[in-house]
Amino acid sequence: MRYLFSSESVTEGHPDKICDQIADAILDALLTQDPQSRVAAEVVVNTGLVLITGEITTKAQVNYVNLARQKIHEIGYTDANNGFAANSCAVLVALDEQSPDIARGVDTAQEAREQLSDAELDRIGAGDQGIMFGYACNETPEYMPLPISLAHRMARRLAAVRKTGQLPYLRPDGKTQVTVIYEDGKPVGIDTILISTQHTATIDDISEESAVQAKIKADLWEAVVKPVFADLTLQPDGNTRFLVNPTGKFVIGGPQGDSGLTGRKLVVDTYGGYARHGGGAFSGKDPTKVDRSAAYMARYIAKNIVAAGLADKCELQISYAIGVARPMSLFVDTFGTGKLSPEQLLELIKTHFDLRPAAIIQTLNLRHLPQERGGRFYQDVAAYGHFGRHDLDLPWEKLDKVADLQAAAAQFLSAV
């Protein structure tokens, strides 16, 4: 069967991604000073305005206004003429402490300790109810679906040629989308490449709109598309459509063009729609929030299963109840590609991975990563995807369980 599948990504200057990065910069700053911080930060941006709200309980001392301005400047919003700039936007802060009704389900006297006993791990519950998914497949070296992998590559390259000055007329806001042709479940071609990028009204001495767009399209093909596909077997061909700014113009962008909000790019953050999503956002949440930590753990498990050769693709669902440590349910699906039965895979998962929230935090070191990485960790995954990142050293991307899973699977298979 032949079909098309599309995934999109956005640049770090997209309004929603500005919010995610500010929220995670706040999280980094708080966890660096106080690894036990409870954080549920939300950010809104609009023309000339940033609102930081949510619930935070911490011993850390952080200047939230300066932190937001620094991140906005780093992203590239430095010119007030564009309707949004780091040094001129208003930054409002409206933060409360975490609700004691929520905290009581997670708090224990032992939580602040580094190594907890099995009984202590059982006493630290999930910070909320919910369902989380993790996914991996062998379509790419990073065990991600090809469409989202390509979309992220292009979004990162689009930002890079702006930041280095290679294409100085580009502005921070941008989106990419790639449509891949599949045949019998395997990617066989590139149907469409779409890039929408904010730009100046004139380029050099070119001011006529169609001429401006023609130059942008030609430049993006050479500076973005070609480098992205340079090391890949699958290439665009004469039948591939290449669309750039299909409306014909993208001068007004960023928060001046659209308001932004944390948690509105969930599919971009994960698997590009190729796998299911539980609905919970990541950015601005400390590791006690299973929306984030359990989704990372589910990816870690799925990736190790696929890398171990136990399936070509694997999706894992985990569910939790607030205040309860052990998952309510665990479901695994290999879409007919598994070397073991679902029951055997579930047994392997339960044997080799501890899915209690406090154990996940310990296994992936989620509280101390900002401190250990010089004050920034979560803000770096807040743009260009939380998974399949070769440019970052992420604990949930490690393949350190492959040998254990292979050995355990061999015992199952030898018993048949």
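A Cβ is built for glycine as well, from the same backbone N, Cα and C atoms used for every other residue.
Since this is a predicted model, take the numbers as computed values, not measurements.
Residues or ranges marked as ATP binding site by Swiss-Prot on the basis of sequence analysis: HIS14, ASP173, GLY174, LYS175, LYS249, PHE250, ASP258, ARG264, LYS265, ALA281, LYS285. The Cβ of GLY174 (ATP binding site) has 27 other Cβ atoms within 10 Å, all protein chains considered. DSSP classifies GLY174 (ATP binding site) as strand under the three-state reduction.
Per Swiss-Prot, the feature Mg(2+) binding site maps to ASP16; the stated evidence is sequence analysis. The Cβ of ASP16 (Mg(2+) binding site) has VAL10, GLY260, LEU261, THR262, ARG264, LYS265 as same-chain neighbours under 8 Å, each 6 or more residues away in sequence. Reduced to three states, the DSSP call for ASP16 (Mg(2+) binding site) is helix.
Per Swiss-Prot, K(+) binding site is recorded for GLU42, and the stated evidence type is sequence analysis. According to DSSP, GLU42 (K(+) binding site) is assigned to a strand segment.
In the three-state DSSP assignment, the secondary structure recorded for ASP258 (ATP binding site) is coil. Within the same chain, residues at least six positions away from ASP258 (ATP binding site) with a Cβ under 8 Å of its Cβ are PRO15. Under the heading L-methionine binding site, Swiss-Prot lists GLU55, GLN98, ASP258, LYS289, citing sequence analysis as support.
Swiss-Prot lists 98-108 with the feature region 'Flexible loop', giving sequence analysis as the kind of evidence.
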Proximal residue to GLU42 (K(+) binding site) among binding-site residues HIS14, LYS249, LYS289 (C-alpha distance): LYS289
Binding-site residues listed as HIS14, LYS249, LYS285, LYS289, least Cβ neighbours within 10 Å: LYS249
For ATP: widest Cα to Cα gap among HIS14, ASP173, GLY174, LYS175, LYS249, PHE250, ASP258, ARG264, LYS265, ALA281, LYS285 in Å: 36
Which of GLU42, GLU55, the listed binding-site residues, has fewest other Cβ atoms within 10 Å: GLU55
Fewest other C-beta atoms within 10 angstroms, as judged across GLN98, LYS265, which are the binding-site residues: GLN98
